[in-house]
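Engineer: Sharing a structure, written as C-alpha cells. Questions coming.
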Amino acid sequence: MERWSINDSAKIYNLPNWGADLFSINKKGNVCVHPSPTSKHSIDLRALVDDLIKRKIKPPILLRFMDVLQGRIAAINRAFKYAIDENDYPSTYQTFYPIKVNQQRQVVEAIAKFGKRYNIGIEVGSKPELVIGISFATGNGIPIICNGYKDKEYIETVLYATKIGYDITIVVEKMFELEKIIALSKKTGIKPKLGIRVKLSSKGTGKWATSGGEDAKFGLRMSEIIAAIGLLEQNELLDSVKLIHFHIGSQITKIDKIKSALIEGTRVYAEMRKLGVGIEYVDIGGGLGVDYDGSKSSYFSSVNYSIEEYANDVIYQIKNICEDAGVECPNIISESGRATAAHYSVLVTNLLNTNTQNLMPDFEETLNGAEKLAPTVKKLVDIYKSIDRYSLREDYHDTVQLIQEAVSLFSLGYLTLAERAMAEWLHGKILRKINGIVEKIKPIPEELQNFQLSLRQTYFANFSLFQSIPDSWAIDQLFPIVPIQRLNQKPDVMASIADITCDSDGEITSFVGENGRTKYLPLHKIRKDEDYFVGFFLIGAYQEILGDMHNLFGDTNAVHVTFNKKTGYKIDTVINGDATWESLKYVQYKGPEILKHVRDTMEKDVALRKVSIEESSHFLELLDRTLLGYTYLGE
C-alpha cells in the first residue's frame, strides 16, 4: 500500500497556502482550527462535530470561531500600526466593519466588543443596518459611517442621532442626496457631519471591478465635487465635510490597482483641502482581498499581496502624495469586511452517498464468456484484459469510440439493456485501469491529462449550495473544501459535490487544488456505517446573508465556539437552524393551518373507511414531526 502522510494531504488541498496558519492537520488525520497564526492550541474539527452530534445538534452545522474573528481584526490593525511606525505617519488609522458582510447579531456584537481597543467603527448601507449601528453605538460611542442611498426618513434619523450625541457621518453618494441633506438640515436646525464619495477613474480587478471607474454606481464625479463645494459654501455647511470616501471594488486581486486608486483618491483629498474643505479623514473603502485558493496570484479567487503589504502601501502612498501637495496627512479609515470575517466561519456537513457503481451488477463472471457478447462489448472486454502502458493512447481512444458506439446501437435496438449496462461497467473499469497506469507515468501524455474527469464521481452532501455558499453558484467563487478526517490516508476518489436541492445547478465542480483550480475534489470511499464529513472554509463573508431558501432549505444550525486551554473549546452559543414550519412561514404558510386542513380531510376519509384510524393517526404524527424538524436530512 502506498505510504501517505498528513503533509501529502495538506499539499493536495493547498491548505498551508490558503489557511493563513489558522488551519492544520493533526496526527489523527483530522483538520484543526487555531485561534491565531502563532497559537499552539487548536480544536480538532472532527472531534468537535462528534461532540455536537452527541448534543443533538445535527449537520449541516455552521461553526463560528470567535477567536479567529478577533485575530483577524487584530492582524489588520497590527499591520497598519507597523506601517504607520515604519513610515513615521503623523495621523491615525481606524477600522470600520461593513455590516453588510455579516449582519448576524452575535457577529456584530463580538466585533464591537473586541474592537473597542482599536476604536472600531461600523459602516451601514440601509435603514435596517442604520438601526443596528445605532443600537450598538448606544452607550458605547462607536462611530458610524452611512453609505448607500438615503431617503428623507434615513437622513432625518441621522441628523437627530447627531444632535443627541452619536458620532455619525453621512456620506453623500449623489448630488440629489446632498440637496435633501441641506434642506433637512435647514428644517431641523441640525448641522450634519458629512462625507463625500468620490467616483475615481481607477478600477479594481476581478468580479467586482465595476464597483469603480467612470461607470460606477456610487460617487460624485470631479465636476460634481466642485458643484457640491459651491452648494455647501452657499448654505454655510462646507465646514461639515470631514471625510472623503472612495471604493474600487471588493476582493481586489492586484496591489497595483490599489496603489492607483490611492494615488488618485489622495490627490482629490489634497485638492479639496486646498479649496478650503476641512477634511480630516480619508476612507479608502474595502477591497482588501482574501486568498481563497492559496495561489498568491492575481486570479479572481486570490490576491498577489499580503495584509502587511497592503497596509504599507496605503500609508506610504497617502503620505507621499500629501507631502508632495503640501497638505496635512489625513486620518485613514478602511472598510475591510471580507478580510475580517472570511476565515472565522466553517460549514461542516456529512456526505450522504455517491453515484458510484457500488450497487451495479458485477459483470466479472461474464468476462470469461465474452465470445457470446455483442461485438462492441466484446471489443471492450478485450481492451480491459490487454491494456498496458504501451498501448494507453490507442486503448483510451478506442474505449471512447466504443462506448459512443454502444449508446448508438442501444438506441437503434441492436444492444440489450444488459449489454449496454455491461458496456458502461467496462468503460468505468478501463478508465480506472488507465488511471492506475497514468499515475505512475511522467510526463503524462497530453491527450490523457484531462481524461480523469471521466472518472469523477458525484458525492451528495447534506446542505444547500444556494443557502450556505451562494457565491459558488452565482459567481463561480472558489472556496476551499476539505474532508475533516482520514487525512492520514490517501484519497481514492475524484469527486464533485452535489447538494440536496432539486436543482442541477446545485453542484460544485471547481475546487482548490495543489496547483490552483482543479475540476475534482480528492475524497475517500465512504465505509459502511461511517460518518464522513467535509468542511467548507473561508465562508464568513457575505455567504450567510446572501443565502436563499431554494427548495425551502433554511438556515443551518450555527454554533459559536471559543478556545479553552483546559477543555480545548467552549460552546458559547447554539443557534438552532430553521425548522420546516419556520421555512414555510417565510412563504406565508402556517403549520397549524396545514395540520388542521389535513386532519379534517383524514377524519372524512376515516368516516368513509378509506383509511384506518391508526393509519390516519400515524400519518398526522409524521407530518407534525416533519413540521417541527430540521429542514435538512437526518438518518
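All residue numbers here begin at 1 and follow the chain in the order shown.
Cβ coordinates are placed from backbone N, Cα and C, and glycine is handled just like the others.
Sequence annotations record features per position, and here Swiss-Prot assigns N6-(pyridoxal phosphate)lysine to Lys100 based on sequence analysis. Annotated substrate binding site per Swiss-Prot: Val282, Asp283, Ile284, Gly285, Gly286, Gly287, Leu288, Gly289, Val290, Asp291, Tyr292, in sequence order, evidence recorded as sequence analysis.
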Engineer: To the nearest whole angstrom, state the Cα distance for the pair Leu288 (substrate binding site) and the residue listed as 'N6-(pyridoxal phosphate)lysine'.
Structural biologist: 15
Engineer: If H, G and I count as helix, E and B as strand, and all else as coil, what does DSSP give for Lys100 (N6-(pyridoxal phosphate)lysine)?
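Structural biologist: In the DSSP reduction, Lys100 (N6-(pyridoxal phosphate)lysine) maps to helix.
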Engineer: In sequence order, which same-chain residues at least six apart have a C-beta under 8 angstroms from Val290 (substrate binding site)?
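Structural biologist: The list for Val290 (substrate binding site) reads Gln251, Val303, Arg338, Ala339, Ala342, His343, Leu538, Ala541, given in order along the sequence.
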Engineer: Between the residue listed as 'N6-(pyridoxal phosphate)lysine' and Gly286 (substrate binding site), how many Å separate their Cα atoms?
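Structural biologist: If we compare the Cα positions of the residue listed as 'N6-(pyridoxal phosphate)lysine' and Gly286 (substrate binding site), the gap is 12 Å.
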Engineer: Around the Cβ of Lys100 (N6-(pyridoxal phosphate)lysine), how many other Cβ atoms lie within 10 Å? Please give the count over every shown protein chain.
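Structural biologist: Result for Lys100 (N6-(pyridoxal phosphate)lysine): 20 neighbouring Cβ atoms inside 10 Å.
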Engineer: Can you name the residues of this chain that are 6 or more positions from Gly286 (substrate binding site) yet have a C-beta less than 8 Å from its C-beta?
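Structural biologist: Those within reach of Gly286 (substrate binding site), by Cβ under 8 Å and sequence separation of 6 or more, are Pro98, His247, Gly249, Ser250, Ser334, Glu335, Ser336, Gly337, Arg338.
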Engineer: Taking the Cβ of Val282 (substrate binding site) as reference, which residues of that chain separated by at least 6 in sequence fall under 8 Å from it?
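Structural biologist: Result: Leu243, Ile244, His245, Gly265, Thr266, Tyr269, Ile318, Pro330, Asn331, Ile332, Ile333.
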